[in-house]
Ligand SMILES: NC(=O)C1=CN([C@@H]2O[C@H](COP(=O)(O)OP(=O)(O)OC[C@H]3O[C@@H](n4cnc5c(N)ncnc54)[C@H](O)[C@@H]3O)[C@@H](O)[C@H]2O)C=CC1
Ligand SMILES: O=C(O)[C@@H]1CCC=N1
C-alpha cells in the first residue's frame, strides 16, 4: 500500500502506454509502491515491467479487488472492447479518472453503469518528465476527497488546471494535449528553413532544438513577463526579427493557421465521443 499521503491507497491503471507509463512513473516518483497498484496492460514495455517489479505493483494480476481509483489510459477507440472487463472495478465510490480524448462522462457511464465519481482529464507528454499540464473536469457527483485524489494523481506529473465545463475539455485537448506536437513540428519546420538558408542539416537541427528548448525555459522562468514582452525583447526596431515577424504576424500568418489547427483537433475530439 502507498505510504504517500495524497495519492489513492489503491489504483488500477488500465493502459500503460505512453501516457499511462508517464503517470505510473510520476506516482512512483512520489513514493507510491505496493500491491495496491494493479496495472492492466497486455503489451507492457520493459520500463513498465521493471518499474512494476521494483515497486511491487501487480502487473496483469489474474484477479483484482476494486481499487480506490480506476485510471483509464487506453486509446478512445479501445473503450468498447475494454470496458466490459472494468464494470466491477468502477463502483459508485470509485474515482474513475479518464484521460481518453473525446470520450464524455456520459460515454463512460454508458459503459461503466455504477460509476459516479468521474473525472475527465487531459494531460500531455511532458508529463513523462514531470513537466506536463493537465486540464481536468469533475462531474458534479465528485466530492472534494475524490477531486483531491485526482489532483494528486495528475499533479504527480505536472500542473493541473480544473475547468468547470466538460465541453471545454475538447479545447484543452486541442491546445495543451496535442500542443507539444505543434511545438515539435515547429522545430522540424525551423530546421528545414535553416537548411534552406544554407546551414548543414545537423547544425540547423541543433540550433532549432536548442532555441525552442531555451525559449521554453526562459518563458517558464519569466512568469512575470508576458510572451509578448519576451517577443519584444528579441525584436530590435528595423532589425532581423522584425522582418521575420512581419511574415509570421501577417493576416495569413501563424495565428490563423494555428487557430485552424486547434479547431481541427477540437472537431476530432468531438468525433471521438460516443
Ligand atoms: N499521447 C498523448 O500525447 C496523449 C494521449 N492522451 C490519451 O491517453 C490515452 C492513451 O494514449 P497513449 O498513451 O498515447 O497511447 P498508447 O498506445 O501509448 O497506450 C495505450 C495502451 O493501451 C494498451 N492496451 C491495449 N489494449 C488494452 C487492454 N485491453 N487493456 C489494457 N490496456 C490495453 C496498449 O497496449 C497501449 O500500451 C488515449 O486515450 C489518448 O487520447 C491524453 C493526453 C495526451
Ligand atoms: O492525438 C490524440 O488524440 C491524443 C490526445 C491529445 C494528444 N494525443
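Keep in mind that glycine also has a Cβ here, set from the backbone N, Cα and C atoms.
Bear in mind that TrEMBL entries carry predicted annotations, made automatically and left uncurated.
Listed in TrEMBL for this protein:
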- 60: NADPH binding site (BINDING)
- 73, 74, 75, 76: NADP(+) binding site (BINDING)
- 11-102: domain 'Pyrroline-5-carboxylate reductase catalytic N-terminal' (DOMAIN)
- 166-272: domain 'Pyrroline-5-carboxylate reductase dimerisation' (DOMAIN)
If I take the alpha carbons of residue 75 (NADP(+) binding site) and residue 60 (NADPH binding site), what is the distance between them in whole Å? 18
Rounded distance in angstrom between the Cα atoms of residue 74 (NADP(+) binding site) and residue 60 (NADPH binding site): 15
Pick the one among the binding-site residues 60, 74, 76 whose Cβ has the fewest other Cβ atoms within 10 Å in this structure. 60
Cβ density check for residue 75 (NADP(+) binding site), other Cβ within 10 Å (all protein chains) comes to 13
Cα separation, the residue listed as 'NADPH binding site' to residue 73 (NADP(+) binding site) (Å, whole number): 15
Using a 10 Å cut-off, grab the number of neighbouring Cβ atoms around the Cβ of residue 73 (NADP(+) binding site), all chains included. 23
Look up residue 76 (NADP(+) binding site) in the DSSP assignment and reduce it to helix, strand or coil. helix
Using DSSP, how many residues of the domain 'Pyrroline-5-carboxylate reductase catalytic N-terminal' (11-102) fall into helix, strand and coil, respectively? 36 helix, 18 strand, 38 coil
Over the domain 'Pyrroline-5-carboxylate reductase dimerisation' (166-272), what is the model's average pLDDT? 98
Around the NADP(+) site (73, 74, 75, 76), what further same-chain residues have their C-beta within 8 angstroms of the site's C-beta centre? 15, 17, 72, 77, 78, 79, 99, 100
Give the residue counts of the domain 'Pyrroline-5-carboxylate reductase dimerisation' (166-272) per reduced DSSP state, in the order helix, strand, coil. 85 helix, 0 strand, 22 coil
